[in-house]
C-alpha cells in the first residue's frame, strides 16, 4: 500500500506509523527522519537542507522532494510506504503524483488523522518539550489548518478520515479497518 499520513502536530501520526509499518510490512518514511539522516551523513541534499535549517528557514520544496524521491526509489519502498510530512501543499502533492507516475505507481490513499485542538494541546503539553507552550501549539495548529485544508480538498475521495482520539490501540484498529486490513 502506498499511503500518505496527514494530521495536525500531536495527532499521533508517528506513533500510528510505527505500528502500521510493522503490521503492513512497509516502511514509514518521515521527512524529519530524512532530513536528520541526510544531514547526519553529510549528503549533498543534507548539506543544502542544513543551510536552510540553520538559518531558521523552511527547507524548499525542491530539496525535500529530491530527498523523498531518493527514498521512494529504495527497494524496501517498492511494494508500498507510509509517507509522513510530505506532501504538505497541493504543489507537493502534484510533485508526489508525478514521482509515482514515473515509477508506474499511484497513491492508494491518504489517511487523515482527525483530532480536536484541545486534545492536541493536552497531548503536546504532556510531552514536556521546552518549545511546547499552549500559544505556540495553537499557532502551529493554525498553520497546519491553513496549509492542509486545500490538500484535503485536492485528494478528495482518496481521503480516509480516522478519528484519532482515544487509546493508541483503538486508533490503530480504526485505521486498519478503514484500510481493509
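Glycine too: its Cβ is placed from the backbone N, Cα and C atoms.
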Co-listed ATP-binding residue [Swiss-Prot; alongside 10, 11, 12, 13, 14, 15, 127] among 46, 156, 166: 166
Segment assigned the feature region 'LID' in Swiss-Prot (from 126-132, 133-139, 140-146): 126-132
Binding-site residues: 11, 59 - member with fewest neighbouring CB atoms within 10 Å: 59
Largest separation between Cα atoms (Å) of residues that the record links to ATP, namely 10, 11, 12, 13, 14, 15, 127, 166: 17
Listed binding-site residues (13, 57, 88, 127, 129), ranked by Cβ neighbours within 10 Å, top entry: 13
Position of peak Cβ density within 10 Å, selected from the binding-site residues 15, 31: 31
Residues 31, 36, 57, 58, 59, 85, 86, 87, 88, 92, 129, 140 [recorded AMP binders]: greatest CA to CA distance in Å: 29
Minimum Cα separation from residue 166 (ATP binding site), reported as the residue among binding-site residues 57, 59, 86, 88, 129 that achieves it: 129
